[in-house]
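Novice: Got a structure for you, written out below as structure tokens; questions coming shortly.
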Amino acid sequence: MATKIFSASPVISASATRTPLLPKALASRLLGTSLAAALALSMSPALPAAAEGYKLYYGTAASAANYGGYGGNSDRKASAEYVYDVPEGWKERLVSKVEKGTNGTDSEFYNPKKRTEKEYLTFLSGFRQLAPREIILNNLALSDVGLQDLIAGADKVVSEERKDETGQVYYLYEIDGVGQHSLITVTCAKNKLYAHFVNAPTLEWNRDHDTLTHLRDSFKTVSS
């Protein structure tokens, strides 16, 4: 005798499965809320994800008057104007209001094993577009004595221009100085000039070349 594998499904009445209808006003409100949420999500700036072994820093480029020191990274994400990767294990240095107000330093991280191996960002307001590459670097040095000395004693200074997927222009500088190497990326957005620095002594530069280059390449501004 053949074994019976399938059995007839129980009959379910149409009345038992009928979904209650929503009032038109409520349905309209729910639809409107869903559409608004979807629109907000689609208009949010697309932020990159940190690479393995790094954490993503969200920078707000707040003015000295509105600066409050340390804050949760999740709070900064919503108002981020720029991002860059930070190696796991590096420490954040608290930037003072005075420093922010005088030279525009907005954020800084360093290698606790060698504090002079670091990355930081400065910004200046009132810039609608980039000046020629050779002028920008000299202007940055006006408020940075260390950069002045590095350029003055450099064996080589190389610069190039790159564009991201949106067409935004970035100037990249590489300075091979006396006992120190520096990678600088400069761009303009939101009427601000952003300069991202990656500095390391020559010994650390030779050892951590790939990591330091990755830090340089991870910097980008966040579109509105």
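Backbone N, Cα and C atoms are what each Cβ position is placed from, and that goes for glycine too.
Summarising the annotation, TrEMBL assigns domain 'PsbP C-terminal' to 82-220.
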Novice: On the 0 to 100 scale, where does the mean pLDDT of the domain 'PsbP C-terminal' (82-220) fall?
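Specialist: Average per-residue pLDDT within the domain 'PsbP C-terminal' (82-220): 94.
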Novice: How does the domain 'PsbP C-terminal' (82-220) divide up by DSSP, counting helix, then strand, then coil residues?
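Specialist: Taking the domain 'PsbP C-terminal' (82-220) as a whole: 40 helix, 64 strand, 35 coil.
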